[in-house]
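Reading through the structure tokens given below for one structure.
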Amino acid sequence: VLVTIYADYIAPLFDKFIPLPEGELKQQIETMAKSIDFPLTKVYVVEGSKRSSHSNAYFYGFFKNKRIVLFDTLLEDYSALNKEPAEGEDGENEETKSKTKNKKQGCKNEEVLAVLGHELGHWKLGHTVKNIIISQMNSFLCFFLFAVLIGQKELFAAFGFYDTQPTLIGLMIIFQFIFSPYNEVLSFCLTVLSRRFEFQADAFAKELGKAKDLYSALIKLNKDNLGFPVSDWIFSMWHYSHPPLLERLQALKEAKQE
């Protein structure tokens, strides 16, 4: 509920959301959504270029009221960086104009559809629901263990509270110290699961025939988002919720060649 409230009422206070105009891209998005029974109601473009060059797309909404949001930096036709500078601008020289002209940001329509195919794959494969269930189970387990541990005098005595058992101190001890090893293990498991979900979503886009376009889109997004393609496999396995670019490209390479 909070996610929906944020997207509809809070986010528009900080960024400008406009409906995607009628055209080929919108028609293709609606066709793809219909092909996988995604209950799409609206498609928006958010003016994210004012804050950063980060490119992304996401969907939100409950039940039969789903909306898709595209960053303007994701779309070649909407990216402010790709727009021609106004004539007569002060301080504009030929070298600057040449750099602006050669530096393209965003993806073509086919690549945008491939990125959306990946995002819709998360919905079709139930990744969002699975993450919500895991989150709720974790919350239940944490509060259950808190209820069990808060009455243990030995726990407070270990931290110097021999005669009293203040609840607030118990809350800090349990969640900050006792749960610390558990949180590290849980974080690693969720990272592994997230990476698995990302590969599955890529495979879903591949099944939609978007392997070639997703391959090129991932390269462009990594460049636009200032990502570094090479990473240590141990560090990335522990910390990266998304697989490194080269691993995702390798998984798509076979289908691209086919």
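Any Cβ shown, glycine's included, is placed from N, Cα and C.
Note that this is a predicted model, so its numbers are computed, not measured.
The domain 'Peptidase M48' feature in TrEMBL is assigned to 19-255. When averaged over the domain 'Peptidase M48' (19-255), pLDDT in the model lands at 84.
Look at TrEMBL and you will find 84-104 tagged as region 'Disordered'.
All protein chains considered, the CB of E198 (Zn(2+) binding site) has 21 other CB atoms within 10 Å. The Zn(2+) binding site annotation in TrEMBL covers H118, H122, E198.
What TrEMBL lists as active site is E119.
According to TrEMBL, the feature active site, proton donor maps to D202.
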Can you tell me how far the Cα of E119 (active site) sits from the Cα of D202 (active site, proton donor), in Å? 9
Got a sec? Which of these active-site residues, E119, D202, has the most Cβ atoms within 10 Å? D202
Got a sec? Which of these binding-site residues, H118, H122, has the most Cβ atoms within 10 Å? H118
